[in-house]
Amino acid sequence: MPPASKADKKAAVDAAAWMFNVVTSVGIIIVNKALMATYGFSFATTLTGLHFATTTLMTVVLRWLGYIQASHLPYPELLKFVVFANFSIVGMNVSLMWNSVGFYQIAKLTMIPVSCLLEVMFDKIRYSRDTKLSILVVLLGVAVCTVTDVSVNAKGFIAAFIAVWSTSLQQYYVHFLQRKYSLTSFNLLGHTAPAQAASLLLIGPFLDYWLTNKRIDAYNFRVPSVIFMILSCTIAMGTNLSQFICIGRFTAVSFQVLGHMKTILVLILGFLFFGKEGLNLQVVVGMVIAVIGMIWYGNASSKPGGKERRSHSISRSSQQKHGGMSESSEADEKV
């Protein structure tokens, strides 16, 4: 057999990275749902802080083993990232508390248009018509199978607005920092995980008390619940790392679009493990529409012109006025 081409190797690594993210993300949702529903551990923000504390330990071990090399990330950049990331976590929790489940799901769906807007504004990305339509199909499918009751109130809308923009900025910033400072996923995680762990463990117990009216020090820690907490923190190391790997290899928009496959898998696994009372024709139709949209997005965005950076638009127009270079040398940069 002929040796695999560079493109084939990249495709294989991309698929492995994405599968790693899907497996860990779906796994942690299932484990956390069991931890909260079965054992009554409702301290979501504090649990996230424990996730990043465990991830910090992982980065320390990897640095000691030589897998993470010395790198530099300016403190202002780190501070901005931590602010975006923590507002994302807190905003999502507050949005879920103050909004109906339907409006919460709609708010999550708006992250894709917001991420597109950020890429258009800051990276000068241009999307083809098919790419835009495929994104709309994905949004339609996920909306059909997840959105039920929709009610809006002022404070819930503000919480959702903060959650959507901070999450989109955090995911965009992952890609931006890796490019600007030539950081690997391990490097970036080594910089951000300790700061997120410290800040979330500091504010988490107070925020969770405000959201649930329960104190974490009054929680009855039993062996089964502690085992599930350890399992959750273990899987979270892979979830955090795989998110940085995927956004670094793709973009925030692709991560969001393909990420809705996790929503579909969570629904399916939820029906398998927690009962099938929510499984109906509407949900099945929504799943099928969403999967069709994801396949279409993958094909559309990979075609020439499907998703490009307009980095040479000025020079191209200038060359056309002066009868300049050939069309092939003027092509926009493929993203």
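Note that Cβ sites are derived from N, Cα and C of the backbone, with glycine treated the same way.
All TrEMBL annotations are machine predictions without curation.
Listed features, source TrEMBL:
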- 23-297: domain 'Sugar phosphate transporter' (DOMAIN)
- 302-335: region 'Disordered' (REGION)
- 12-31: transmembrane segment (TRANSMEM)
- 43-66: transmembrane segment (TRANSMEM)
- 78-96: transmembrane segment (TRANSMEM)
- 133-150: transmembrane segment (TRANSMEM)
- 156-174: transmembrane segment (TRANSMEM)
- 186-207: transmembrane segment (TRANSMEM)
- 219-238: transmembrane segment (TRANSMEM)
- 250-273: transmembrane segment (TRANSMEM)
- 279-300: transmembrane segment (TRANSMEM)
Contact between the transmembrane segment (279-300) and the transmembrane segment (156-174) (3 or more Cβ pairs under 8 Å, separation 6+): no
Tertiary contacts of the transmembrane segment (78-96) (same chain, 6+ residues out, Cβ under 8 Å): 44-45, 48, 104, 107, 156, 159-160, 162-164, 166-167, 169-170, 173-174, 177, 191-192, 195-196, 199-200, 203, 207, 211
Leading stretch by Cβ pairs under 8 Å, where the reference is the transmembrane segment (43-66) and the options are 12-31, 156-174, 186-207, 219-238, 250-273: 186-207
Predicted model, mean pLDDT over the domain 'Sugar phosphate transporter' (23-297): 86
Non-local residues, at least 6 beyond the ends, that sit with Cβ under 8 Å of the transmembrane segment (186-207): 43, 45-50, 52-53, 55-56, 59, 62-63, 67-69, 71, 73, 78, 81-82, 85-86, 89-90, 93, 174, 177-178, 215-217, 240-241, 244, 248
Remote residues contacting the transmembrane segment (219-238) - C-beta distance under 8 A, at least 6 residues beyond either end: 20, 23-24, 27-28, 31-32, 34-35, 39-41, 43, 47, 50-55, 58
Same-chain residues near the transmembrane segment (156-174), Cβ under 8 Å, at least 6 residues beyond its ends: 80-81, 83-85, 87-88, 91-92, 94-95, 98-99, 103-104, 107-108, 110-111, 114-115, 118-119, 122, 188, 243-244, 247-248, 252, 255-256
